[in-house]
Amino acid sequence: MIPRSESNTSGEDSEELKIVGMHCATCTTSVERALRKAGGVINVSVNLASEEAVVEHRGTPTSKLVSAVRTAGYDVVTYIAAFKVKTISAEELGRLAAKLEAQKGVVRVEVDYTSDTLRVEYNPLTTGPDKLEETLRGWGLGPTRISEQLSAPDVVAASRTLRAYSLRLLVGAVFTSITLLAAYTNQPLLALIAASPVQFYSGWVFHLGALRALRNRVGNMDTLVSLASNISYFYSLYMAVFRDSAGFVDVAALLVTFVLIGKTVEVYTKTRMLSEFASPLPQVAVVIRNGEELKVDTRTIGVGDLVVLSAGDKVVVDGVVEDGHAEVDESVITGESKPVVKRKGDPLFSGSTVISGSLRVYSTRVGSKTYFEQVTEAVRRAQATKLPVQRLVDRVSAIFTPLILAASAATFTIWLLVFHSSFGAALTYSVAVLAAACPCALGLATPMAVSVGIRRASKMGLVVKRGEAFEAAHKTSIVIFDKTGTLTEDTFEVESYTERTKGALELAASVESRSQHPYARALVKAFGKRFEPSEFDSFTGEGVMGVVDGKTILVGSKRFIKNNIANHENMDFQGDGASVYVAVNGELAAMVKFKQKIRREAPSVVKALKGMGIRVVMVTGDSEAEAKAVAGELGISEVYAEVKPEEKAEIVSKLREKGVVMFVGDGVNDAQALTSADVGVAMGTEVAKAAADIVLSSSNLRGIIRLIEESRRVYAKIRQNLAWAFGYNTTILPVAAGILAPYGLSLQPEWAALAMSLSSVLVTLWSRV
């Protein structure tokens, strides 16, 4: 059984921050330490792969959290929104600006009193321009939005970061070539001059990171690279000035350049990964207003607008097809590549693409409420989750750099004083140890694999809302299926009926017209709605009661009818399978038998799960006869029938004592069971289903197999990445320290740096395979 994380207690709040500038596990430690020092902070979780921090606190202002991160030498992604407001007194405007700055998500507010403009810096993961505008409007300021932009696009945008690293690498490669040529031709001063741009321009990013780490009293990869290159460079400076020798100047240049190669490839890989999985919605769409087709900013589209879509258009709203006929690619939702034909009355979801034809869509959800935006938000939150194995790695990473520094110093001392090597030789081994150590591979091993896995899952129609559940899925030993709407289709048809009292079924259908149960819809479809109930009450999992035309009508399970009528001795209707009973004024009046279609893929999914060694269980609120009939067709031997919603949760809790439990339901009367399971999977496109850990948006049960397989793949990647990271460091460090030197084998610092870079790149690339 896997413990679930508990929700915050009353009075606590949380905020997410997008952090810029982290590139190894010790960076996350620095950010965590900085945030914990902000007043009122309860807990901090920083994820390296998603570059996000989740801060639980008691009323700590956003500005204070952002300031803590920036003081530590990192940055936070913030946006700027500017609003033109009504002309009011400077005193009042200043007071309201201060009030706005105290709002959650607001970092800073600048006031231009000459133009009555507010410039608001905000955290886009917490608030947004629409919410800010609404707040200002509520204060009577009549705001008009005039601009919105990233506050630090040069450091936030992945492509900008890639260009910056590429430029540093280009400069490094050119001047390193000159340095090598000068050193080879014994021109030490020229070699030193050529190495200087490499050291102080190309390598500046590492020196800056090392100074930042020193200020925060931690160590990281930058510390090791900066120290190794500086030792080599300044020793070479001494040798060039006083000994007319090039010393290690070529080592310093190669070391920086090789590390930059690794970092550039790593940034490129991350950027490619983001571009592969990202599918941004267009900023402009065509809507019909006042009978005219107009191109408008998608942010201005509201509920009820008619959106016009043509071939090639991406859907920007959730809605219902009002008119038209088209083939639509819904792979972003379902993971299925086969186009779906959409006609009038069909639902349409944001993120889909019109392949052919045209549609007019009545928008029902817009902006952050759309399916696409909810999926994006859910995936982002799941990626930010720090798994238990990552917390262990973080503890190891926190002491890694100090251990390497100690090992480097010990290496220098032993070679100089014990083996009586020359100063230069001892220094070479010492620098090699610094250059070979790779804390980045440790830091990236878990979050990179999880991040890729969650993004891949979203492309399969699996929306992961809780990272811990995704990780737990690989351990699943028991899968519990709800029956109705999960193993079977969620629609029924009347197969047969017996009516003892004439007109009883018309009365039953009239009562059921107020219910959303699948049986109710089938009854109304078969017998119509003749009367309007004057009273109605629903008893979850049992039945309904209503008053129609002065008669008291009960419709429900056999148990429900027996418990609510006095004369139930002669209930001789044979209601095997999916059946409901009808009582009129306390007398049994009719029985209806339904037929329900088993999902086409259900038998193969059950068989596949059993083949994976997983125990399959079915629970349902329906009768035992009905449950066994469906279970028999599917090959499920363990069945719990006539189960109330709260009893489903008890069954889940009981089975959790025997293994890791995944519960799969359609979200109707399943909330408690979904929450009780180690992995709660809900089917449908309602990403906001609070109880579900994972939403299977395709409503195809094969997604369960994909989920378990993807979780197993990710967990295998984590183990392989960690094995490589630990194996690499424990193997290469003794070699770098010169343990094989007596056998004529040694690792020069520049090649140690290249090996370190390739180690990080390998972890990044392997996570994507």
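Just so you know, glycine gets a Cβ as well, placed from its N, Cα and C.
Heads up, TrEMBL stuff is auto-annotated, nobody curated it.
Some features that TrEMBL has for this protein:
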type: DOMAIN; residues: 13-77; note: domain 'HMA'
type: TRANSMEM; residues: 165-184; note: transmembrane segment
type: TRANSMEM; residues: 190-211; note: transmembrane segment
type: TRANSMEM; residues: 223-241; note: transmembrane segment
type: TRANSMEM; residues: 247-265; note: transmembrane segment
type: TRANSMEM; residues: 396-420; note: transmembrane segment
type: TRANSMEM; residues: 426-450; note: transmembrane segment
type: TRANSMEM; residues: 722-745; note: transmembrane segment
Taking contact to mean three or more C-beta pairs under 8 angstroms, with sequence separation of 6 or more, is the transmembrane segment (396-420) in contact with the transmembrane segment (165-184)?
no
Distal contacts, the transmembrane segment (165-184) - CB-CB under 8 A, six or more residues away:
190-191, 194-195, 197-198, 201-205, 246, 249-250, 253-254, 256-257, 260-261, 263-264, 267
Quickly jot the same-chain residues contacting the transmembrane segment (426-450) by Cβ under 8 Å, restricted to those at least six beyond its ends, or write none.
23-28, 47-50, 220-221, 224-225, 227-228, 231-232, 235, 248, 251, 255, 266, 383, 385-387, 389-390, 393, 396-397, 400-401, 404-405, 407-409, 411-413, 415-416, 467, 470-471, 714, 717-718, 721-722, 724-726, 728-729, 732-733, 735-738, 741, 746-750, 752-753, 755-756, 759-760, 762-764, 767
Please list the DSSP helix, strand and coil residue counts for the domain 'HMA' (13-77).
22 helix, 23 strand, 20 coil
